[in-house]
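Annotation source Swiss-Prot lists carbamoyl phosphate binding site at Arg58, Thr59, Arg108, His136, Gln139, Leu268, Pro269. Marked as L-aspartate binding site by Swiss-Prot: Lys87, Arg168, Arg229.
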Amino acid sequence: MMLFKNRHVISMKDFSREEIDYILDIAEKLEPVARGEERSRLLDGKIISLLFFEPSTRTRLSFEVATRRLGGQVLSLGSVEASSVMKGENLADTIRVISKYADLIVLRHPLDGSARMATEFAAVPVINGGDGSVHHPTQTFLDLYTIRRESHLEGLKIAMAGDLKYGRTVHSLCYALSLYGAEMTFVSPPELRMPREIVRELRKKNIRVKESECLEEIIGDIEVLYMTRVQRERFPDPQEYEKVKNKLKITGDLLKSADPELKILHPLPRVNEISPDVDDTPHARYFEQAFYGVPIRMALLALTIGVIE
């Protein structure tokens, strides 16, 4: 029996394939509620605290929608500037206090490892909404859900492109897809390559890994293209960002060489790495992908609070 009640959601490495599949199954059952076609009171009387120390649109709003669709209430930090953090309060004390107010904490923080550290001081479950450039497990769960709904997971041929050095979404996704025997191609400028330790770990698991600097070389050989933006905020040197920001771009012309069934995903926000003329093609699934964050986060909230087993 899989136990999720009071469990923290910090890294994909904390979950087995069987547990991931179960979470995806629960999300699928909750999708009619996420779409407003059915009503639910699973989180009636529960308070979910959203502690976001970095900007967020989709993650934050989808957690709010997920909570409200399940009948719960949201306790949200308006801004870091308006909080006691600006007075010097440390994260540990903030977590201790918010644990007294809420039944679960969703934390986004710029420091690597901050979510794991928060669990040491929390009296309630903590869900990692993204910490530094390392982990973003709820994004990975929704990416897996999207791939399963739009294509398939087992033996998937996928390319991840863009900022593979700083992109926490691709780091988490690599591990998760390795559980399904995916074939992975990494496309990026040399400066933004996938970290070598991740590539080594994948190859130790006998996962087929290729690397390229050119989308044209690989576009006809893949089933899913996972595109990411170059993350300007992670660059210590702005000039280095300027050198690489426009190196990779998906256009309608490029897609003429793609498999007709190719699906394009993007964790959003995008900058200019996907041309607007791609949006109305059958390949573009990134807006539906953003919606899938709602049923996935509903499932994670319900399971960790313990209203679903």
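Any Cβ shown, glycine's included, is placed from N, Cα and C.
Cβ environment of Leu268 (carbamoyl phosphate binding site): Thr57, Arg58, Tyr286, Gln289, Ala290 lie under 8 Å away, each six or more residues apart in the same chain.
Cα distances from Arg168 (L-aspartate binding site) to the binding-site residues Thr59, His136, Gln139 are smallest for His136. Using the Cβ center of Arg58, Thr59, Arg108, His136, Gln139, Leu268, Pro269 for carbamoyl phosphate, the list of other same-chain residues with Cβ within 8 Å runs, in sequence order, Ser56, Thr57, Gly129, Gly130, Thr169, Pro267, Gly293. The maximum pairwise C-alpha distance among Arg58, Thr59, Arg108, His136, Gln139, Leu268, Pro269, the residues recorded as binding carbamoyl phosphate, is 16 Å. Under 8 Å, Cβ to Cβ, and six or more positions away along its own chain, Thr59 (carbamoyl phosphate binding site) finds Phe52, Arg108, Gly129, Gly130, Thr138, Gln139, Gly293.
Cα-Cα distance from Pro269 (carbamoyl phosphate binding site) to Arg229 (L-aspartate binding site): 7 Å (rounded to the nearest whole number).
Distance between Cα atoms for Arg229 (L-aspartate binding site) and His136 (carbamoyl phosphate binding site): 15 Å, as a whole number. According to DSSP, Arg108 (carbamoyl phosphate binding site) is assigned to a strand segment. In the three-state DSSP scheme, Arg229 (L-aspartate binding site) falls into the coil class. When other Cβ atoms within 10 Å of the Cβ of Pro269 (carbamoyl phosphate binding site) are tallied across all protein chains shown, the result is 10. Here the binding-site residues are Arg58, Arg108, His136, Arg168, Arg229, and the one with the most other Cβ atoms within 10 Å of its Cβ is His136. When Cβ atoms from all protein chains are considered, those within 10 Å of Gln139 (carbamoyl phosphate binding site) total 25, not counting its own.
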